[in-house]
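Asker: Provided herewith is a single structure, encoded as structure tokens, for subsequent inquiry.
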Ligand code: UD1
């Protein structure tokens, strides 16, 4: 299992917090990594990517502006906001365009930075934050937002005094970020709980850090095994980070064996329907909701899938219907009655996870399914086509 997309991009941004060369190992070979490298270069850093290793050299003076051209292709680029405010006391980061999974406002990012003493506004299509100095504060998030937690944490590590952030995201990728920041000299406690305590330090130093394995990609292969009645072993990911997900696959009838650094999933029969509700970690991840829908489409019985994190994440369900799924959505619920056989059709992917969910459904359909706009998949899944073929699927990339 390669490194986690949702970790590596933030770790690359964290490297901006210390002058000198930080090294990240186990970087996934996905499109978002070179895109993030370009964002960092635009800010004045030097970035060298060699296979699974990224070397980021941060200068004493950073450019505080991330322009639209650099950030427009992916939303995660907004995670340079916290480091820029911390290092330069000024940040201007262009707002990336709308996302196909729903609106993604930055109000909590801004509220947190304001509490630390920054002025923040949206101006001319950019989020702007400025502070004469940053000082520790008590901050309670309205919702455990992953991105807001990360930006506030990365600003607080160089603020003056103690910051206590409550109702934070507890995702393993936050724990990974806190681990790297601690290796850089930050004083952080509570990572993985709902409260982070950060005592600001004057400066951080570069480090070498290994990115954690991608639990979303790992679990995707688990879904692939259950949907196609296969036998799969995944290594390089902590199964404890997938507790709820592996439990759902077990409820669907698969034999799930957790191992020290991975898991095995064996499925011989048609999966049973299971209900799923997405929630912040340790709940069921919204990023696996399309796989849960995919499994529901071929399972025996009626599944109810509830999306609680991104309001528009059901748009791809109509593509599943094109493949013969018996599915309907109402607000943030999807009700799916599994069918014995999906039927191939041309379908369009709207984001990384929906694209993969459609490919998995295509593996269960008779005939040849054409999935369009698959560039989304390249953003988050390394060697996707080769991996599916190595596992016995038949996928061909057509340019
Ligand atoms: C990250 C992940 C994404 C995952 C998501 C939830 C990365 C690159 N992306 O996205 O794959 O699906 O976490 O696990 O790590 N919100 C606000 N105001 C804010 C911030 C967020 O209303 O200031 C809302 C969002 O619109 C959304 C919810 O909070 O409805 C969760 O968003 P958030 O946890 O921030 O997700 P991201 O960090 O964008």
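Using N, Cα and C of the backbone, Cβ positions are placed for all residues, glycine too.
Note that this is a predicted model, so its numbers are computed, not measured.
What TrEMBL shows for this protein is this:
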- 2-387: domain 'Enolpyruvate transferase' (DOMAIN)
- 5, 6: phosphoenolpyruvate binding site (BINDING)
- 75, 287, 309: UDP-N-acetyl-alpha-D-glucosamine binding site (BINDING)
- 99: active site, proton donor (ACT_SITE)
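Each of these features: where is it, how hidden is it, and who are its neighbours?
Answerer: Mean pLDDT, taken over the domain 'Enolpyruvate transferase' (2-387), works out to 95 on the 0 to 100 scale.
Within 10 Å of the C-beta of residue 6 (phosphoenolpyruvate binding site) we count 25 further C-beta atoms, all protein chains included.
Mapped onto three states, the DSSP output places residue 287 (UDP-N-acetyl-alpha-D-glucosamine binding site) in helix.
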Asker: According to DSSP, does residue 5 (phosphoenolpyruvate binding site) sit in a helix, a strand, or coil?
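Answerer: DSSP call for residue 5 (phosphoenolpyruvate binding site): helix.
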Asker: In whole Å, note down how far the CA of residue 6 (phosphoenolpyruvate binding site) lies from the CA of residue 309 (UDP-N-acetyl-alpha-D-glucosamine binding site).
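Answerer: Here the two Cα atoms are 16 Å apart.
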Asker: Of these binding-site residues, 5, 75, which scores lowest on Cβ atoms within 10 Å?
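Answerer: Least crowded of the binding-site residues 5, 75, by Cβ count within 10 Å, is 75.
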Asker: Under 8 Å Cβ-Cβ from residue 287 (UDP-N-acetyl-alpha-D-glucosamine binding site), six or more apart in the same chain: what's there?
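Answerer: Long-range Cβ contacts: 6, 216, 353.
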